[in-house]
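J.: Have a look at the structure that comes next, please.
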Amino acid sequence: MSDVKKAVLAYSGGLDTSVILKWLQDTYQCEVVTFTADLGQGEELEPARQKALKFGIKPDNIFIDDLREEFVRDFVFPMFRCNTVYEGEYLLGTSIARPLIAKRQIEIARATGADAVSHGATGKGNDQVRFELGYYALMPGVKVIAPWREWDLLSREKLLAYAEKHGIPIEMKHKQGGSPYSMDANLLHISFEGRHLENPAAEAEESMWRWTVSPEAAPDAAEYLDLEFERGDLVAINGTRMKAHELLAKLNELGGKHGIGRLDLVENRYVGMKSRGCYETPGGTILLRAHRAIESVTLDREVAHLKDDLMPRYASLIYNGYWWSPERRALQALIDNTQESVNGWVRVKLYKGNVIVTGRDSKTDSLFDPTIATFEDDQGAYNQKDAHGFIRLNALRMRIAANAQTKRG
């Protein structure tokens, strides 16, 4: 293989990346650095360190980093400033995590003198694109090793056989032959793919869901939350200020209890195929609804409509892996500028899978003027006669077109 001296592997400690670790050592005969990111996935990460040590990885070459605050503060919250949704439904929980992982991998590569990076994404999915676009944007000359595009371990059986041959621990769920869901989790969401979900007509099993109760099993009593925003970002829940990752974790807890945030969809992958996935995004679902509500009283109409026009493009950039692109950065600068006035509070009611906005206001930036909007006597604040000329001017082009149509017969 090509001359690789040291490679930084995005390492979860699971079967796939453990096989990759051994394969890198055998195939490239290079030194391997492992990097495990804590993005709030709720798993114990120390076992990844112990597994890496068993593969002969030097202690100084094992990185387990708590990235929860950076993830929410610098990636999730900026994305939600745009009310970002891909294809009308998906809140991009997996997509938004990949640029941070790529960033940290490159930082570690520079710090350790590595000349290569590696990941465990398959050649069929979006993640290979997301990781590698990030690598090249941040370290143009880096060597990228994508084992799923190189090796011949193209079935679960071959992967298990390789693991057994090389003494790689195999979790009981794999030994029992049941093909588990392919899952990805972080503070924003948990996703499920595979098994019977590959039939888009089949309903997901209730036992699959991890973070949320079913709406039918949710409490019969609604729960109200007051959410405070500053410059478009959530800063407090019910008057209690917390760090960004703590806020999202709290919303996940509250939303999950009320059956909020389940999603079952078929999406268009960047590589060209359609795939079916199920997602739980309780906190993100609450955050999206509340953010739109505070914008409704603080954003100028045309600015709000411009954001809505740009959002699908922004969402596609994130979904397709272009977080580090100049066009995403340019859009972010515009979006962030619009958020200077997005300050205030929103009250939501959580009830059996629903997020219902019941109030919103801003003491400093509200554009809602009750003296003009009232249905009662406005004491001359708005002259209704002004509407006559406004309507006639806006109808002019349609009147001209209608007259022309009449002449044509």
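Glycine is treated like the rest: Cβ placed from N, Cα and C.
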J.: Same L-citrulline site as Tyr90, Ser95, Asn126, Arg130, Ser182, Ser191, Glu267 according to Swiss-Prot: which of Tyr162, Tyr279?
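T.: For L-citrulline, Swiss-Prot names Tyr90, Ser95, Asn126, Arg130, Ser182, Ser191, Glu267; of Tyr162, Tyr279, the listed one is Tyr279.
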J.: According to Swiss-Prot, Ala10, Tyr11, Ser12, Gly13, Gly14, Leu15, Asp16, Thr17, Ser18, Ala37 bind ATP; identify which of Gly113, Gly120, Gly123, Gly125 is listed for that same site.
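T.: Only hit among Gly113, Gly120, Gly123, Gly125 in Swiss-Prot's ATP site, alongside Ala10, Tyr11, Ser12, Gly13, Gly14, Leu15, Asp16, Thr17, Ser18, Ala37: Gly120.
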J.: Determine the Cβ neighbour count for Asn126 (L-citrulline binding site): the number of other Cβ atoms within 10 Å of its Cβ.
T.: 19
J.: Nearest to Gly120 (ATP binding site) by Cα, among Asn126, Asp127, Glu267, Tyr279 (binding-site residues)?
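T.: Given the candidates Asn126, Asp127, Glu267, Tyr279, the nearest one is Asp127.
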J.: Among the binding-site residues listed here (Tyr90, Arg130, Ser182, Tyr279), which has the Cα closest to the Cα of Ala10 (ATP binding site)?
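T.: That would be Arg130, the closest of Tyr90, Arg130, Ser182, Tyr279 to Ala10 (ATP binding site).
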J.: I need the neighbours of the L-aspartate site defined by Thr122, Asn126, Asp127. Which other residues of that chain put their C-beta within 8 angstroms of the C-beta centroid, in sequence order?
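T.: Result: Ala121, Lys124, Gly125, Gln128, Val129, Arg130, Val271.
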J.: Name the residues of the same chain, 6+ apart in sequence, whose Cβ is under 8 Å from the Cβ of Tyr279 (L-citrulline binding site)?
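T.: Long-range Cβ contacts: Tyr90, Leu91, Gly93, His189, Ile190, Ser191, Phe192, Gly261, Arg262, Leu263, Asp264, Leu265.
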J.: Please state whether DSSP places Gly14 (ATP binding site) in a helix, a strand or coil.
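T.: Where Gly14 (ATP binding site) sits, the three-state DSSP reduction gives coil.
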J.: Determine, to the nearest whole angstrom, how far the Cα atom of Ser182 (L-citrulline binding site) is from the Cα atom of Asp16 (ATP binding site).
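T.: Between the Cα atoms of Ser182 (L-citrulline binding site) and Asp16 (ATP binding site), the distance comes to 11 Å.
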